[in-house]
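Quick one: structure below, then a few questions.
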Amino acid sequence: MGSVGLLGLLLLRLSVTASGSGAGTGSGTGSGTGTGTGQLVGSPATGPALQPREPLSYSRLQRKSLAVDFVVPSLFRVYARDLLLPPWSSSEPRAGWTEARGSLALDCAPLLRLLGPPPGVSWAEGASSPAPAQARTLTRVLKGGSVRKLRRAKQLVLELGEEAILEGCVGPSPEEVTAGLLQFNLSELFSWWIRHGEGRLRIRLMPEKKASAVGREGRLSAAIRASQPRLLFQILGTGHSSLESPTSLPSPPPDPFAWNLTWIMKDSFPFLSHRSRYGLECSFDFPCELEYSPPLHDLGNQSWSWRRVPSEEASQMDLLDGPETEHSKEMPRGSFLLLNTSANSKHTILSPWMRSSSEHCKLAVSVHRHLQPSGRYVAQLLPHNEPGREILLVPTPGKHGWTVLQGRIGRPENPFRVALEYISSGNRSLSAVDFFALKNCSEGTSPGSKMALQSSFTCWNGTVLQLGQACDFHQDCAQGEDEGQLCSQLPAGFYCNFENGFCGWSQGILTPHNPRWQVRTLKDARVQDHRGHALSLSTTDVPTSESATVTSATFPAPMKNSPCELRMSWLIHGVLRGNVSLVLVENKTGKEQSRMVWHVATNEGLSLWQWTVLPLLDVADRFWLQIVAWWGQGSRATVAFDNISISLDCYLTISGEEKMLQNTAPKSRNLFERNPNKDPRPWENTRETPVFDPTVHWLFTTCGASGPHGPTQAQCNNAYRNSNLSVVVGSEGPLKGIQTWKVPATDTYSISGYGAAGGKGGKNTMMRSHGVSVLGIFNLEKGDTLYILVGQQGEDACPSTNRLIQKVCIGENNVIEEEIRVNRSVHEWAGGGGGGGGATYVFKMKDGVPVPLIIAAGGGGRAYGAKTDTFHPERLENNSSVLGLNGNSGAAGGGGGWNDNTSLLWSGKSLLEGATGGHSCPQAMKKWGWETRGGFGGGGGGCSSGGGGGGYIGGNAASNNDPEMDGEDGVSFISPLGILYTPALKVMEGHGEVNIKHYLNCSHCEGDECHMDPESHKVICFCDHGTVLAEDGVSCIVSPTPEPHLPLSLVLSVVTSALVAALVLAFSGIMIVYRRKHQELQAMQMELQSPEYKLSKLRTSTIMTDYNPNYCFAGKTSSISDLKEVPRKNITLIRGLGHGAFGEVYEGQVSGVPSDPSPLQVAVKTLPEVCSEQDELDFLMEALIISKFNHQNIVRCIGVSLQALPRFILLELMAGGDLKSFLRETRPRPNQPSSLAMLDLLHVAQDIACGCQYLEENHFIHRDIAARNCLLTCPGPGRVAKIGDFGMARDIYRASYYRKGGCAMLPVKWMPPEAFMEGIFTSKTDTWSFGVLLWEIFSLGYMPYPSKSNQEVLEFVTSGGRMDPPKNCPGPVYRIMTQCWQHQPEDRPNFAIILERIEYCTQDPDVINTALPVEYGPLMEEEEKVPMRPQDPEGIPPLLVSPPQAKREEGPDPAAPPPLPSTSSGKAAKKPTAAELSGRVTRGPAVEGGHVNMAFSQSNPASELHKVQGSRNKPTSLWNPTYGSWFTEKPTKKNNPPATKGHHDRGNLGREGSCTVPPNVAAGRLPGASLLLEPSSLTASMKEVPLFRLRHFPCGNVNYGYQQQGLPFEGTTAPGSSQYEDALLKTPPGP
């Protein structure tokens, strides 16, 4: 922009201030992004009147500069037409259904703020943004000319003025604002251009051309930019929503052959105009684009804010040490900023938004430094959408007065602002600023703002996806339209799953013996997770070394700056002694350039399909892909590729900002060109060409420089003249003497840094302190800039050209020793210590901030009389959060660190201060000029003691000038970005070095060391001494050595004697051990077979139920004698059902029980013989608790058998299994309606409420009312629900489970707040749990509080949160739940009231006619794993159940909806029907982490029982490693009795504490009902366990884990595993 434009901008700002209105554009950007206190510099409150009109030529120039241009590239039209718009065809009329729409939209709020309210209308400031409404289309879209002419020109100019704003935003009625957007309808233009047009489409939006007051068009242009103009395009088909179609109209069905894509073009950074500046200079003599906080005041004496003060006025002020003359010498009379405050505050100067295209961009601020500063300056870099960072300000040398603070900004990727903060400390703080500039921020031409073209894909249900998510073989839309027929219509190669052939992939010239790529189905058993065809190559049939190449179709060039990606799945199965590469070949002009984008080299593949997404960067021409596989001898592998797709973003999306990308593609070492006329198979001989030359390395030296200052450019040019190095040496600032080097290629490099040695002392010239070496491995990318400072050796004290000093060196002058003898210290004759060695630094720049990679510390200087046995260990730091400080200085200087400041001349400087070496101590220079300076790299200067070495943390120097105290070495550093290859070692005796070379990966070698043969370019592994390389080239074997041969007779005699002796000793030992063990086993067996031995301690005492008053039955004492003893002879065990909390659970029969049929089917719970006393107490306690109850809704205890071992508890056999599994199994599904109705769920809830009422009336608190603890008599009609698990009540009954601070696991999701917060348990606790049980019943078995952990449930419930009703849950039922969940216990109803309300629900037609929710997905395990606590968590490690795998049920899988996403690695098993499961025992997965519920069956007739008993003589023994037990497995016959049909009515429940069931209901229970399974249960065989095997079962809670307080849960059973467990015998469950 010329001077006229700048003058116009200045007049525009003046007019905005004078008129008191504007667009609110801070810093001239037109977006109002400044701070709330922002104000333009030099904008007076009042100003002179301006001319009412401006020249036409000036107005036209200004209008052109303030326009907003939208340019859509012509390639977008070409690609959209070819990919999305198939030509019209009468045979395929669907192609004509595609529509193209377009519009240009602006927000009305900024435009209306500019105009102000119209006459008669008043709206508040917050109402300037009208409520959203249907966007209005302007009737006058185009200005001048015809549509035909504009189409021919492919350019549209839209002028926006007050009338258009009022028409589009306010409407015809000015009393009411109706539109939130102002839109131009461009559908006709865009539709013509996308189908028939040529070239690019350009749309220019500018202020209306009218003569008006100065600044009017500028304000209007700023308002237009603030309204965020954006261009919207849409290509859609019939049935899709449109940009302009009303949402209330019904849409026709979607077209599966038409796209629904949307594009939005807008400025990447709307707050930046195209006039964004790349530099700024403000001397405060004229108005500047700066903002202030607090605002600037030119008039008055505002002590709390900035003021612009002329220099002549400052000379008249009575300011303490204030500035009297202006810093700019070229202007004798000028102005500067002044701040005079007495408060502790922070004042800020903020720059406008800037950009930088140069690494040399810096901030320069001229301030006045006072003798006694009372504040400090801090600079902040504030990039867009990034956190700010501090800019290091370096002042010019000087004590006080005007000085320039400079800080490096660099080249930030995003636009940025710079804030200069002055932090005052009170006491009349004074600040003066004369100059504020951003310099050297432009490099070449400055690009304008970038328009981003963002694309999206809209699903049929309205879900919006990024365009890159479409056609990527991952279904994101609900109906899969993003992966449907649309993708199959793309050109060949864009979307390829190889189901219809090669998809455009082809091979070169094939011979009969050459391997070839094939499209086939993989039949290997290990890769059956993939179905369908794939592009595969087999190396099994090719014994020799070979290669194979397959080439894709040719793809057009992607859009410039597009996020282009390649997606593919690949697999390597077997042993591949070679590599596979994916090469991108770009068709450059006259040649083809190839580069590798993906590479894998492996010995043995994982045999798993892997998904890879590869960015395709910097592709500017047509390209194709090549898959190249090479293998050597011994390869037996299958290489396969599938689901290869090119993202549509490559051709239909444009990123707004042209990012300064380096090579961010995957590691690519091969970059070559070939002639298109040559053999089109360039990769056949690539194995013979080295990927890189391992002998090439880059050695960086000091370039011949020495002393405290680094080398110059001329020195390094001369030093590296005949080498492969090319460096740039800094000449000023902190980078002076630092060499910069660009990485030639993306690769892994080893960087060896060597610090410089320290100087020698005057008397000890035999040994110096060595520099430290550090070697690290780093991944570097092509174009990365490394900054390398090579440390220089500290200066030696001797020899010297000074004669007096030379005499001291050779021992002819002993003045130093004399002073030491007299004063015991050195002061007058100080000197003679060596300077500290400089450190070697290798670092990078990230956003202008140095980031260290490797720092090799320098050695400390030796003292004048240093001892020879001094040793300083190496120190290494790898934490960048540790401050890199300078070493402590005394008479000698400490070493320089990474980032610190020092004012001592003899101290070494830190890297950010320039890293120069320190001078000698002043006394040494003054007395005899003994100069022992520190080396470049932060070495400290010497005195009589040695100087400290440089490093990340500088080495310390002696504090008292001890002539025997050496300077300490610095601290080395390696970045966490790298890998430390060798530890820090002191090795360097001179100057430092840096050696960079390619790192050869030797991880496949046994010794992790290898080298590459320079002739054959093969990697050869090294072996340790005494071993040689095996034939496989990887392993090391001991080298065979010839041994002396002994006579054969002697060898035979020795071997025979040794064998006989060994056999005799072994036989004797076996006999002795066997006899001893046999005697021990006999004694133990006799002792264990005595029942009195185990019951002696139990018979002498009784168990009191008064431990917990809540469990007391009228305070009576219960003993073993109260239990009904059943003789062992009357008990017959039929088969094993599973493993319970104490031991095995069996199905059995008992006879001779009064008032019961004989034989009676029962469940027998066993207690193994070898048990702890605590287990016996638990076993008996549970028997006592269950025996106390006598109710039809509580599982009945038939009796016990305790007089013989093992001990038994006989319980009522429940064939229906647990309630939770029943609900989950009977969920209705689309192809499987449920046999349940809402009335069935109410009856189940009624049964459980009856049992709870009985417990409540007997003052018994269950504490764990949950669906998993309720059992059903049968799964069919007539079922009765009963409470069947009192494990938790048993533990609380024992008064040890709820001990404070223990490892107890509580059912948190079923507990009220007072229970888990205060430990209060009442009958209202069971009321709360019953409400959760109701939620489980009516959600059909879902886990309460879905997706919440126990901790989250605690916080949710205590904060007042409650669960939402389950799907299709009737309102009256949910009201019962909410009443049970009242926070105050007294507000919860008792079970009599709950029963009454459930009864009402059973009579309500609206409730019982409610349909159950339908499950549309496969059943997924949403249960949480419930770890349990053993009795002694400190002594017993957690034992987890690991049951054997069950066999899959044979038969075809039923039709099911598509699977839902799941994180479980297991697969859902087929769910058998009830008829199929009758008469067989099944196993289900551990869905509740240790609570695997029992399933019982009563379908075995008497004849079947005799068959089972008669077949015990031929068992098949199976060892169960989980429980250490033997099971006897025997196949059984399936008996499928028909289920009795019909639904029996339920009787009314009593309200007096006991619930009765009518006789007809009891008689209707199905005794032979089929077995109910877990949701994913598998079929298993019946098992029978002889009684004598029960003695060897372990006891205790072996299948429960526990958790120490504060530790995470351990995993339980593996997915898909199964086990048995008795729901009656479970220990207290977890949530």
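Any Cβ shown, glycine's included, is placed from N, Cα and C.
So Swiss-Prot has the following annotated:
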- 21-39: compositional bias 'Gly residues' (COMPBIAS)
- CYS703-CYS716: disulfide bond (DISULFID)
- CYS798-CYS809: disulfide bond (DISULFID)
- CYS921-CYS943: disulfide bond (DISULFID)
- CYS1002-CYS1010: disulfide bond (DISULFID)
- CYS1005-CYS1021: disulfide bond (DISULFID)
- CYS1023-CYS1036: disulfide bond (DISULFID)
- 280-443: domain 'MAM 1' (DOMAIN)
- ASN185: N-linked glycosylation site (CARBOHYD)
- ASN260: N-linked glycosylation site (CARBOHYD)
- ASN301: N-linked glycosylation site (CARBOHYD)
- ASN340: N-linked glycosylation site (CARBOHYD)
- ASN427: N-linked glycosylation site (CARBOHYD)
- ASN440: N-linked glycosylation site (CARBOHYD)
- ASN461: N-linked glycosylation site (CARBOHYD)
- ASN579: N-linked glycosylation site (CARBOHYD)
- ASN823: N-linked glycosylation site (CARBOHYD)
- ASN878: N-linked glycosylation site (CARBOHYD)
- ASN901: N-linked glycosylation site (CARBOHYD)
- ASN1001: N-linked glycosylation site (CARBOHYD)
- 20-53: region 'Disordered' (REGION)
- 60-82: region 'Heparin-binding region' (REGION)
- 1002-1040: region 'EGF-like' (REGION)
- 1423-1493: region 'Disordered' (REGION)
- 1526-1554: region 'Disordered' (REGION)
- 1609-1631: region 'Disordered' (REGION)
- 1075-1631: topological domain 'Cytoplasmic' (TOPO_DOM)
- 1054-1074: transmembrane segment (TRANSMEM)
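Context for these features, please: burial, neighbours, distances.
All protein chains included, CYS703 (disulfide bond) registers 22 other Cβ atoms within 10 Å of its own Cβ.
There are 19 other Cβ atoms within 10 Å of the Cβ belonging to CYS809 (disulfide bond).
Within 10 Å of the Cβ of CYS921 (disulfide bond) there are 29 other Cβ atoms, across all protein chains. For the recorded site, CYS921 (disulfide bond), the DSSP three-state label reads coil.
Annotation note: CYS1002 (disulfide bond) sits in a coil segment as assigned by DSSP.
Annotation for CYS1005 (disulfide bond): same-chain Cβ neighbours under 8 Å, separated by at least 6 residues, are CYS1021, PHE1022, VAL1034.
DSSP assigns CYS1023 (disulfide bond) to coil in the three-state reduction, placing it in neither a helix nor a strand.
The secondary structure of ASN185 (N-linked glycosylation site), as reduced to three states from DSSP, is extended strand.
In this structure, ASN340 (N-linked glycosylation site) is part of a beta strand by DSSP.
Taking the Cβ of ASN440 (N-linked glycosylation site) as centre and 10 Å as the limit, one finds 17 other Cβ atoms among all the protein chains shown.
All protein chains considered, the CB of ASN461 (N-linked glycosylation site) has 10 other CB atoms within 10 Å.
Residues within less than 8 Å, Cβ to Cβ, of ASN579 (N-linked glycosylation site) and separated from it by at least 6 positions along the same chain comprise HIS599, VAL600, ALA601, THR602, ALA629, TRP630.
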Select the closest residue to CYS921 (disulfide bond) from the following recorded positions, measuring between CA atoms: CYS716, CYS798, ASN1001, CYS1002.
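Result: the closest of the recorded positions to CYS921 (disulfide bond) is CYS798.
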Any idea what the Cα distance is from ASN1001 (N-linked glycosylation site) over to CYS798 (disulfide bond), rounded to a whole Å?
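The separation of the Cα atoms works out to 46 Å.
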Rounded to the nearest Å, what's the C-alpha distance separating ASN878 (N-linked glycosylation site) and ASN901 (N-linked glycosylation site)? Just drop the number here, would you?
22
Pick out which of the glycosylation sites ASN260, ASN901 has the most other Cβ atoms within 10 Å of its own Cβ.
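Neighbour-count leader: ASN260.
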Could you find out if DSSP has CYS1036 (disulfide bond) as helix, strand or coil?
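The residue in question, CYS1036 (disulfide bond), is strand (DSSP, three-state).
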Any idea what the Cα distance is from CYS1023 (disulfide bond) over to CYS809 (disulfide bond), rounded to a whole Å?
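Here the two Cα atoms lie 50 Å apart.
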Which of these disulfide-bonded residues has the least crowded Cβ, counting other Cβ atoms within 10 Å: CYS943, CYS1023?
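Sparsest of the disulfide-bonded residues CYS943, CYS1023 by Cβ contacts within 10 Å: CYS1023.
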Tell me, by DSSP, whether ASN878 (N-linked glycosylation site) is helix, strand or coil?
coil
Could you measure between ASN440 (N-linked glycosylation site) and CYS798 (disulfide bond) for me? Cα positions, answer in whole angstrom.
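Their Cα atoms are separated by 46 Å.
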At the level of the C-alpha atoms, what whole-angstrom distance separates CYS1036 (disulfide bond) and CYS1010 (disulfide bond)?
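So the alpha carbons of CYS1036 (disulfide bond) and CYS1010 (disulfide bond) sit roughly 12 Å from each other.
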Below 8 Å Cβ to Cβ and six or more residues apart, same chain only. Which residues does that give for CYS1002 (disulfide bond)?
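Within the chain, CYS1002 (disulfide bond) has Cβ neighbours under 8 Å at ASP1008, GLU1009, CYS1010, VAL1019, CYS1021, PHE1022.
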What does the structure give for the C-alpha distance between ASN185 (N-linked glycosylation site) and CYS798 (disulfide bond)? Integer Å is fine.
88
